[in-house]
Amino acid sequence: MAAAALLDVNNVEVVYNRTVQVLRGLSLQVPQGQIVALLGSNGAGKSTLLKAVSNLLALEDGAVTAGSIRFEGRDVAADPPHGLVRRGLFHVMEGRRIFEDLTVEENLTAATFALAGRAGAAADFDMVYEYFPRLRERRRGLAGYLSGGEQQMLAIGRALVARPSLMLLDEPSLGLAPMLVEEIFAIIARINAEQKVSMLLVEQNAAVAFAVAHYGYILETGKVVIDGPVERLMRDQDVREFYLGLGGAGGERSYRDVKHYKRRKRWLS
Amino acid sequence: MDALFLAEVMLAGIGSGALYALTGVAFVLIYKATRVVNLAIGEILMLGGYAFLGFAAGLGLPAIAALVLAVVTGGLLGWLVERSLIRPMLGESPISVFMVTIGLGSILVGLVQLGWGADPLRLPEFMPATPVFIGDAYLAPKVAVGFVAAAVVIAAFLALFRFSRSGVALKATAGDQGAAYSVGIDVPRVFSAAWILACATAAGAGVLVGAIGGISPTMGVFGLSVLVVVIIGGLDSIAGALVGGLLIGLVEALAGAFLGGEYKLVVTFTLLLLLLMVRPYGLFGTHEIERL
């Protein structure tokens, strides 16, 4: 990996309510220009890691108790959450979190606050509408009345307005039909290639995440258990079986054959 | 004659309704941004009246300067309260914050009594005394001035929130704090601004109310009538505060003239009860969007 990563997470531990430890010594890097996928089951700590990076943990009574998180070489704890956004680190939160009582365009306007204090950065709604033509049609409507897919588009559109260098995407596929998931991931890949935005992508859906990502980490109970370039992860026996749902031979398996209670994951031993 | 009397009563009602509306805006601003019902608004309004008295009569400043300084005092107080009392309570239950504002109200009453005593006082005359006639109907000049001032301020707020980026920031913060942070909005600054604007508005309203009816440490109960106004209008709607204020002002004036002064409150609160049964979120309040 590149020597100076855009985002460098080093041995981070996170504790909620001063009692519940969620991350235990997690390290990962996001190099400039790449999409890094972070996979793991429910409760593995994926969302927690993103909130630690964007400094939104305090809102939920969580705290980073050890380790360091550096964005562009600077500790994220030094900036308030909105300050990080203005430095170019945009967190697209889980569950979309659009402003339902505002119109689509007002939602984009809200994101222009991210440009405060940045010289020469003008808000470009047309670029958002180019990636998501459907938002243009509905720009005067209340965002709360958008469909789930359109709301996800709006959430990513807000991020685009802020012109980030790093986007944290928390499960963009959540609750969407497979067709829409494909559409949105195609656009995510385009944004990465065309706007040179690096991304840290949290997903449950390993197949779509690997389709766009360059590098992957797999998280279990607050630790990275395996990582590598996506091509290598796709060949890994355990990843294939537990995350991609493919048998050893490569074909799709029937649920009837699932016997993972008999076979331990190799990285646990 | 009857029609003229009715017209005069209604004009007076709309006049005092405008002051209700203006004070209602102070409630709405804070509630919209922070989801806190600030029960000390009435006392901050009172403090505005006393500050004016202090600057105009105590220091002998011209009325306009005293008015501006009273508004600034209100704003400073809002800033101070938000910083020292409210911000440390972020994330606590709304009821706790609500209780803090009740305590704040009592402290302000106590301070004013220490400084100026408990007796009602009159503000120095600073408004034009020429009677205002609309058609044949007479309107007290002070009420007319109060109405115009309130209308201008409310119109300015409405425009600010409808057409400016600050309005978007306020609405976004009100809707989802975490998401507001995540798009780069300085949430603590929004809170601070809401408190400053609201308390400055309340202090200004205090000068107008005091100029009409005099000031006393107990004039904070005006805030309770205004609470009715904002609940009727919808706690998070500036337009609602406007309509609610005018409506309550009108209803009170009519009830006072035709049923007798003791029926004012009965009629107002009956109206409140009936309305809450039909529209629990007020006339213009937001009800959440449900997606199925």
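Numbering starts at 1 and runs along the chain as it is shown here.
Glycine is treated like the rest: Cβ placed from N, Cα and C.
Under 8 Å from some Cβ of the transmembrane segment (B:6-29) lie the Cβ atoms of residues 37-38, 41-42, 44-45, 134-140, 143-144, 146-147, 149-151, 153-154, 157, 194, 197-199, 201-202, 204-205, 208-209, 212, 222-223, 225-227, 229-230, 233, 235-238, 240-242, 244-254, 256-257, all in the same chain and six or more residues away from its ends. Taken from TrEMBL, the feature transmembrane segment covers B:6-29 (among others).
Residues 23, 26-27, 30, 63, 65-67, 69-71, 73-74, 77-78, 81, 86, 94, 97-98, 101-102, 104-106, 108-109, 112, 115-116, 121, 123-124, 126, 198-199, 202-207, 209-210, 215-217, 219-224, 226-227, 235 of the same chain lie 6 or more positions beyond the ends of the transmembrane segment (B:36-57) yet place their CB under 8 Å from a CB of it. According to TrEMBL, the feature transmembrane segment maps to B:36-57 (among others).
Listed as Cβ neighbours of the transmembrane segment (B:63-81) (distance under 8 Å, sequence separation of 6 or more from its ends, same chain) are residues 40, 44, 47-49, 51-52, 55-56, 104, 124, 126, 192, 195-204, 206-207. Annotated transmembrane segment per TrEMBL: B:63-81 (among others), in sequence order.
Remote same-chain partners of the transmembrane segment (B:93-118), defined as residues 6 or more beyond its termini with a Cβ less than 8 Å from a stretch Cβ, comprise 35-40, 42-44, 46-47, 50, 53, 81, 85-86, 216-218, 220, 223. Feature annotation from TrEMBL assigns transmembrane segment to B:93-118 (among others).
According to TrEMBL, the transmembrane segment annotation covers B:138-161 (among others).
Annotated transmembrane segment per TrEMBL: B:194-215 (among others), in sequence order. Within the chain carrying the transmembrane segment (B:194-215), a Cβ under 8 angstroms from the stretch's Cβ atoms is held by residues 16, 19, 22-23, 25-27, 29-30, 32-34, 38, 41, 44-53, 67, 70-79, 81-82, 86, 120-123, 126-127, 140, 142-143, 145-146, 149-150, 153, 157, 170, 222, all 6 or more beyond its ends.
Proximity of distant same-chain residues to the transmembrane segment (B:221-251), defined by a Cβ-Cβ separation under 8 Å and at least 6 residues beyond the stretch ends, is recorded for 10, 13-25, 27-29, 31-32, 37, 39-43, 45-46, 105, 154, 157-158, 161, 174, 209, 267-269, 271-272, 275-276, 281-286. Look at TrEMBL and you will find B:221-251 (among others) tagged as transmembrane segment.
The transmembrane segment feature in TrEMBL is assigned to B:263-282 (among others).
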